[in-house]
Amino acid sequence: MTTSSSVTSASPSEDDKTVHDPAGDSTSMAHHEAYPTREASDHEKTMLAAYEGHDADIPSNEGYILDEAGELKRQQSMASRKRHSVSSHGQSPKQDVEKGITTISSQERADSNIVWWDGPDDPNNPINWSSWLKTSNIILVSAICFVTPLASSMFAPGVPQLMAEFHSTNTELAAFVVSVYILGFAFGPMVLAPLSEIYGRLPVYHVSNVLFVCFNIGCALSTSLNMLIGFRFLAGIFGSTALTNGGGTITDIVSQEKRGRAMSFFVIGPLIGPIVGPIAGGYLSQAKGWRWVFWLLTILGGTFTILCLVFMRETYAVIILERKTKRLQKETGNMDLRSKLDAGLSPKDYFLRSIVRPGKLLIKSPIVLFSSVYIGIIYGYLYLLFTTFTPVFEDRYGFSSGSVGLTYLGLGVGSMSGLALFAVLSDRLLRSKTEAANAKAEAEGKPTPGMMPEYRLPPMIYFSWLIPAGLFIYGWTAQYRVHWIVPIISTALIGIGNLAVFMCIQLYLVDAFTIYAASALAANTIIRSIMGAVLPLAGQKMYNVLGLGWGNSLMAFIALACTPAPWVLTIWGERLRKRFEIKGL
């Protein structure tokens, strides 16, 4: 049977070339000229995989990179599939010589059985979608990525109302009912990320969006603190989907040279959502009560869920080509066909990579452990401050529950300023450090080192000290009731430092762990989210014993002790990476 679909040569590590019909009978595939494309470099594949939220040995839209163990596993999987195909559908053409089919080499057969796009303008390739379809998908993903982080802190100003309604004075529960949502962010990606790689992004988006809405309805109707905490945790798990898959959706449909603007639009939601949330939540809980915070989240989430069901499309090329392969297998009867992006992974492989690898990296790599604990402390401080703004500004400065939400603007302005500074300085410092190191190596007659992961760390060196400085100022000015603008300005300093630390560590881990970058980031996310959920539980007791001044000073001293971290990684990072080299995870 002749088909109109392109079947090109090459594994993901080879160039595409023209494929001719080797068999020459009516049952074989007709040849099509493969369009010339530049094969993505290993660095491009690594970066794309990190954007998509998985390691580079899991297929992305540009292919995959396998270590020796991974390649052996892929070959074994393909051999197993071929044996199953032969046993299920009779002899392969190579074995069926008596029926007049020409025997061909294994390489020719492998080339002719690779399924790829129908040329550079294939409309089924998400990168070729119309502008309105791309834009609508980006807007919807970005909107969900605004709503779900919004839910993390929007409820904070209404906590005193909640505690009064349920007749509780437990300060740990008051903090945990806010931070437990972040705990869901730690565990959600471990299950939802591999599901999106097995079944596609679209089904996971739809199911998660619906469940996010359902669990927020559960929060609004809760009749006890335990019930509310349980529903908040579940809402956090399914609210993490857009944050986990959103970057991948954008890389699926936007070419590399245009990706920066789309990604900037995407990251605004997670950045400003936790800041805008308390402002809206403060006035809403004051006017309508704390339950209306969850009703508003339900309305927003429900609206975007319906829009996603109508307008969103599957963007993951691995799944699209897999469906195309199955269709061609059915049409041609050739069960040896396989997608170019098929790495031979089973569902078990996807889950093991998602769940086991981050834990292995935490154990085997001091860099991952060290950076994860550091950013976990900073993240925990952020949510500890979220849970204390309400009592501090209501009790000490007389703010209403509505206006207390405005105090979160300090962190918001600081975070946005930190992002702007990072965008301006990061690549510039990276280039200057690389050029200086290469020039020095050339002058000494040594090989040029090129771009080193440690060159990502200078912004962290420059701005990390703002975190302890902001904590000192915030604690003592609030202790002595200095004008309210001063502690709010101090939180802006914390926001700048927090953003610099976060971005530097994220990029450093991607560059340092290449093929395993997503697992390194996942390990970082797990520790960060757990500490973000747990540290606020100790906040009120600490302030009760030490007061705002010494309580925040204690936090500042710990943050100050962490500020040499970028220096340590800059000096010894390369040595640590070589000594504790990660292979065959």
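Note: Cβ is positioned from N, Cα and C throughout, glycine not excepted.
What TrEMBL says about a protein is an automatic prediction, not a curated fact.
According to TrEMBL, the feature compositional bias 'Low complexity' maps to 1-12.
The compositional bias 'Basic and acidic residues' annotation in TrEMBL covers 14-23 (among others).
Residues or ranges marked as compositional bias 'Basic and acidic residues' in TrEMBL: 30-57 (among others).
Residues or ranges marked as domain 'Major facilitator superfamily (MFS) profile' in TrEMBL: 137-579.
What TrEMBL records for 1-61 (among others) is region 'Disordered'.
Positions annotated as region 'Disordered' by TrEMBL: 73-98 (among others).
A Cβ distance under 8 Å defines the sequence-distant neighbours of the transmembrane segment (138-158), meaning residues of its chain 6+ beyond its ends; these are 177-178, 181-182, 185, 205, 209, 212, 216, 235-236, 239-243, 245-246, 249-250, 253-254, 262, 265-266, 268-270, 272-278, 280-282, 284-286, 289-290, 293-294, 296-297, 300-301, 304, 307-308, 311-312, 383, 386-387, 389-390, 401-402, 404-405, 408. The transmembrane segment feature in TrEMBL is assigned to 138-158 (among others).
Annotated transmembrane segment per TrEMBL: 173-192 (among others), in sequence order.
Counting residues 6+ beyond its ends, the transmembrane segment (204-223) has Cβ neighbours under 8 Å at 144, 148, 151, 192, 195-196, 231-232, 234-235, 238-239, 241-242, 245, 291-292, 294-295, 297-298, 301-302, 304-305, 308-309, 312 in the same chain. Marked as transmembrane segment by TrEMBL: 204-223 (among others).
Here TrEMBL flags 229-250 (among others) as transmembrane segment.
According to TrEMBL, the transmembrane segment annotation covers 262-280 (among others). Residues of the same chain lying 6 or more positions beyond the ends of the transmembrane segment (262-280) and with a Cβ under 8 Å from any Cβ of it are 51, 138, 141-143, 145-157, 243, 246-247, 250, 254, 296, 386, 389, 404-409, 411-412, 415-416, 419.
The annotation transmembrane segment is assigned in TrEMBL to 292-312 (among others).
Annotation source TrEMBL lists transmembrane segment at 367-386 (among others).
According to TrEMBL, the transmembrane segment annotation covers 406-425 (among others).
The annotation transmembrane segment is assigned in TrEMBL to 460-478 (among others).
Beyond its flanks by at least six residues, the transmembrane segment (484-509) meets 367-368, 371, 374-375, 378-379, 381-382, 385, 392-393, 397, 399, 407, 409-419, 421-422, 426, 453-454, 456-457, 459-460, 462-467, 469-471, 473-474, 477-478, 517, 520-521, 524, 566, 569 of its own chain at Cβ-Cβ distances under 8 Å. Per TrEMBL, the feature transmembrane segment maps to 484-509 (among others).
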Selection from 367-386, 516-538, 550-573, the stretch that has most Cβ pairs under 8 A to the transmembrane segment (460-478):
550-573
Which sequence-distant residues neighbour the transmembrane segment (550-573)? Criterion: at least 6 residues beyond either end, Cβ under 8 Å.
367, 370-371, 374, 377-378, 381, 384, 453-454, 457-458, 460-461, 464-465, 467-469, 471-472, 474-476, 478, 504, 508, 512, 539, 542-543
Top Cβ-contact partner of the transmembrane segment (516-538) among 173-192, 229-250, 292-312, 406-425 (pairs under 8 Å):
173-192
